[in-house]
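Asks: Pulled these features from TrEMBL for this protein:
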- 153, 217, 288, 493: Fe cation binding site (BINDING)
């Protein structure tokens, strides 16, 4: 460790991301398809310990056993062993009609009660031991709630409940988005996974299209509302069901229609009913919500949006060459947008009037048919993988910690952005590719940015060792770094688990 880490920093930074892209002589097509690799930095008395381990999912085990890719991922369609006889082959084709999704949970880490899970966007999650990184139990959401896919960005409320969303495809002739709540773990004497048995459906939002539900990666939450954005970046269910037979990957079943509108849905947490006014904006693609809060009868929410869906295409492995950063330019830059949506407004307002009464350049204009067309305030451009001080989730806040990306999708710096003053601080060094920054509040924090920021830094120069960087969150000055003598992978998301929350299983 170089520099000085705060003495109070005790716990584990746990991260997840794609780690293995080749099995035997087969290769995945896409970076987001790689087999999940967990890694962790444990802080104990000023020292830092590193460990990494592949998630032993069924997908991982099947692939390793066959020594080739046999389980399909989003960007890679795998086919049965060519040695199988013709009947077995035909049967495999038929059984893929409704795809059995992969359990390669490579995107994020979720917490329920004292348990931690590796998650992705399918209906499977895997319980893991945050200290040893061992893979424990597999949970299938669809046994407890009718969802086929779910987000890997859940929210947590003050009572310790997990709130998440998933899509239920053509269930009883309807396709809908389902918001569900997982209570924290129940008393020890009850069986394992019983928090899922007590899972509750909070509400459902009908999809505007039966066979083309919207893709979404996250959602927003305020004190009283859930914020869900139905974007015209959609899954084609029929194409998805026939992808295997047609020999194409599931990613090709996603389509963006820039002529369509993006619809905003607000669900009242108490009544579990959706706000009846129709709010919309222009077509956009978003992956990450930053934060949302309420002020004087308005919902204000901040997101990072694109004008097209080119981001996913950037990460096909054939494009990830040595000069990737120079060669691959995004056709749409990530833009941090603030929407201000008036929930309480004069119902007799004339068509064409702006219903926003807060000081903002964001507008919400009433249309002739009574729907409300929202235009955002642009806060900044060129940031992604946003994180906040989670104590301010759903509340008025100031700071976003994020990676900085310009016209290519590789982060070269991390940034601290003040959404109120628009000031931005940076940290960056040559050859450094930092990961999503995680804010950890100091134990006696009085202000929103009292604490530190942690980020894993991978080097683009193979001769230089990767490291974990610790910054003072207020000044963005380096406090210390822990160099790791391994080949560290670029990860996606994760969380910091304070020492007090690391429970030792007595089972």
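Quick reminder: no glycine exception, Cβ is built from N, Cα and C everywhere.
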Asks: Comparing the binding-site residues 153, 217, which residue's C-beta has the most other C-beta atoms within 10 angstroms in this structure?
Replies: 153
Asks: Neighbour count, 10 Å Cβ-Cβ cut-off, for residue 288 (Fe cation binding site): what number do you get?
Replies: 21
Asks: Which residues in the same chain, at least 6 apart in sequence, have a Cβ under 8 Å from the Cβ of residue 493 (Fe cation binding site)?
Replies: 15, 16, 17, 107, 108, 109, 152, 153, 385, 436
Asks: List, in sequence order, the residues of the same chain other than 153, 217, 288, 493 whose Cβ lies within 8 Å of the centroid of the Cβ atoms of the recorded Fe cation site.
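Replies: These residues sit around the Fe cation site: 107, 108, 151, 152, 218, 287, 289.
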